[in-house]
Amino acid sequence: MLVHICCSVDSHFFLEKLQKDYPQEKLTGFFYDPNIHPYSEYQLRLLDVQRSCKKLGIEVIEGEYDYESWMDAVKGLEKEPEKGARCEVCFDKRFETSANKALELGETTFTTTLLVSPLKSQEQLKRSGELFEKKHGVKFIAVDYRSGGGTQDQSRVTKEEQLYRQDYCGCIYGLTIQREQQNRLMDEMFSPVSGAILPASIEERLEFYKKRIELEDKGVKYKILKQKFLNYRQFSSRLIKGKREIIPSYTLSYSLLNRKKAQGRIEFEHDKVYYLNKDEIKIITLDYYNAIASTEYKNVFELIYGQENFENELKIRNLILKNENNYLLDLSPVIIVDTIPDAKITYELDAKIYDDVKEKLITL
């Protein structure tokens, strides 16, 4: 039997039940999910599915990540709600490919772990599955593992196996609607030009779960903890000299500007830090930054596109601000430039600080 897999939270419990109910069947997992965005999230879910299936002794085949063709398929359905027409088209696309893969492998039956997801309509899934059963002759197995306390059992298995528990279905359209309803920043879509890994980002979680697998391979016992913290994302920043001359600049993380725009002049300098006469704004030269950070950036553009480590940047920020009270989070804007401007400047900064939760690995 070919089993289309969407994520480990659904697949681990679902596959355990299939192994018990269909002991004569050799199960093959098929991870085909071009709806998942961004690609780093796709990689993370695949990684955890591979770990889960390895534990269960089930082979996993990765399908093509043909995201653009998926986008074409759901065009015009971007505003559809969860369990609406877009989901049906999404099921059809994934089932079509899954049925073809089953035929290619010589399988006569197929099913999907989506059947156990509380976010999906079982009737929708059955309709799509039966349609492709008639079209391709591959029997669709529509099992119900939700009822009779199944959802509670699934939650227990997820916790016991310490599976990666995503908080959105997968596609960018569903995520957009969900975050708007939650009045929550869609920080999954942030991707710094430097390639830096941001706190509680998908990229950070991907590295986290890779490290978890390394510990398991070495036989090291561990536990996953959660910690609350203040996260930060910067949308844009710009420094303008006079009326229109853009000055190359880099704004350090955890810089905030209440009105998103300020105008002023350098008022004074102290210990190589230049103070603007507005909104606690501080400016330093790249030379000073290099000296503190032990880096050798030739200009600000190199810094912008450099692979800056987020934690190191916070340490450097504290050194620049002479912040000896580590418990005090200084949110003053700190700007790095090649040379200090000698005229009136306009500074624009759009950034946000917000409560968030991240995971932490401890070895036992």
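From the backbone N, Cα and C atoms, a Cβ is placed for every residue, glycine too.
According to TrEMBL:
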- Cys6, Cys7, Cys87, Cys90: [4Fe-4S] cluster binding site (BINDING)
- Cys169-Cys171: disulfide bond (DISULFID)
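For Cys90 ([4Fe-4S] cluster binding site), the same-chain residues lying six or more positions away in sequence with a CB closer than 8 A to its CB are Asn35, Trp70, Ala73, Val74, Cys171.
Other than the site residues Cys6, Cys7, Cys87, Cys90, same-chain residues with C-beta atoms no more than 8 angstroms from the centre of those residues' C-beta atoms, the [4Fe-4S] cluster site, are Asp33, Asn35, Phe91, Arg94, Leu114, Ser117, Lys120, Cys169, Gly170, Cys171. Around the Cβ of Cys7 ([4Fe-4S] cluster binding site), the same chain contributes Arg45, Asp48, Val49, Thr113, Tyr164, Gln166, Gly170, each under 8 angstroms and 6 or more positions distant in sequence. Taking the Cα atom of each, Cys169 (disulfide bond) and Cys6 ([4Fe-4S] cluster binding site) are about 9 angstrom apart. The 10 Å shell around the Cβ of Cys169 (disulfide bond) contains 20 further Cβ atoms across the protein chains shown. Around Cys87 ([4Fe-4S] cluster binding site), taking its Cβ as the centre, 25 other Cβ atoms fall within 10 Å, counting all chains. In the three-state DSSP classification, Cys90 ([4Fe-4S] cluster binding site) falls within a helix.
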